[in-house]
Amino acid sequence: MAEEFSLNLNAINFGALFSLSLGNLILALATLILGYIIVRFIGEAIRKSGEKNLNIPALMMIQIARAIKFVLYVLVILLALAFLNFDVAGIIIAIGAFLGLILGFGMKDTVNNIASGLWISATKAYDIDDEVTVSGLTGLIVDMNLLATELKQIDNARAIIPNGNIWNSPIINYTKMPIRMLILNFGISYDSSVPDAVNAAVSAAKKHSLVHGDPEPAVKFLEMAESSVNLQLRVWVNTPDYYQVKSELMNMLYDGLNTAGVKIPYPHVELVKE
């Protein structure tokens, strides 16, 4: 294989560059510039058309557009090289031999990442701006290429995760469904009334304009812990409103419990002297 690759490189006419006319150089340069502009336009048009007219997810259309642009860029470069009197056929053979060598020397992970990226796009596991948990990390999907997915975390840190790792682990998409359950856990003291706490929590939830009335807010009894009776408020909200409601409802819940005379305990230790 290595010998074939070497012979194919020799087939490329590198010396032809020194016998070119000015017209050939200008034509090759114009081909590269115009080709670059046209390919970018075609790629963007394909991406927008697929998202708008074919209802294809943005992430999948980005992958399709990138693949088409890559092929077109290669064709533009080969056309420019042809104007420079390069042996284009020899270059294609050399590139093929080079790719064969690369694939033969431990490219299993790369191929796995590419295949996983295609599967992720095909199954519509997530899309651009979706909030997900993948490979133990939570954040917004920023981009995905053939090899990896870029995730923006809540602190604006960027995580680059190989597609193969994502495909081989659970994918949790918080944005996929239009509504989402919001859960707030809270504890009350043992000398407080559980019914009063439940009524205060449900009342606070119903006062929030972004909380759904159907299904209705509900409070679940979780456990009797060492220092508190632990309850859980469950409400349904539109997915885009989740974090806004979470912050506002937590404040409303705190105020509601205080107004109802429900005590919120804190861990404490009793020392007994014998």
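Cβ coordinates are placed from backbone N, Cα and C, and glycine is handled just like the others.
Automated prediction, rather than curation, is the source of TrEMBL annotations.
The annotation transmembrane segment is assigned in TrEMBL to 12-39 (among others).
Summarising the annotation, TrEMBL assigns transmembrane segment to 59-82 (among others). Beyond the ends of the transmembrane segment (59-82), by six or more residues, the same chain brings 28-29, 31-32, 35-36, 39-40, 42-44, 46-47, 50-51, 88, 91-92, 117-118, 120-122, 124, 126-128, 141, 143-146 to within a C-beta distance below 8 angstroms of the stretch.
Annotation source TrEMBL lists transmembrane segment at 88-106 (among others).
According to TrEMBL, the domain 'Mechanosensitive ion channel MscS' annotation covers 109-176.
According to TrEMBL, the domain 'Mechanosensitive ion channel MscS C-terminal' annotation covers 184-263.
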Message: Please count the residues of the domain 'Mechanosensitive ion channel MscS' (109-176) that DSSP assigns to helix (H, G, I), strand (E, B) and coil.
response: 20 helix, 25 strand, 23 coil
Query: Which residue counts does DSSP yield for the domain 'Mechanosensitive ion channel MscS C-terminal' (184-263) in the helix, strand and coil classes, in that order?
result: 35 helix, 23 strand, 22 coil
- prompt: Mean pLDDT for the domain 'Mechanosensitive ion channel MscS' (109-176), as a whole number?
  reply: 90
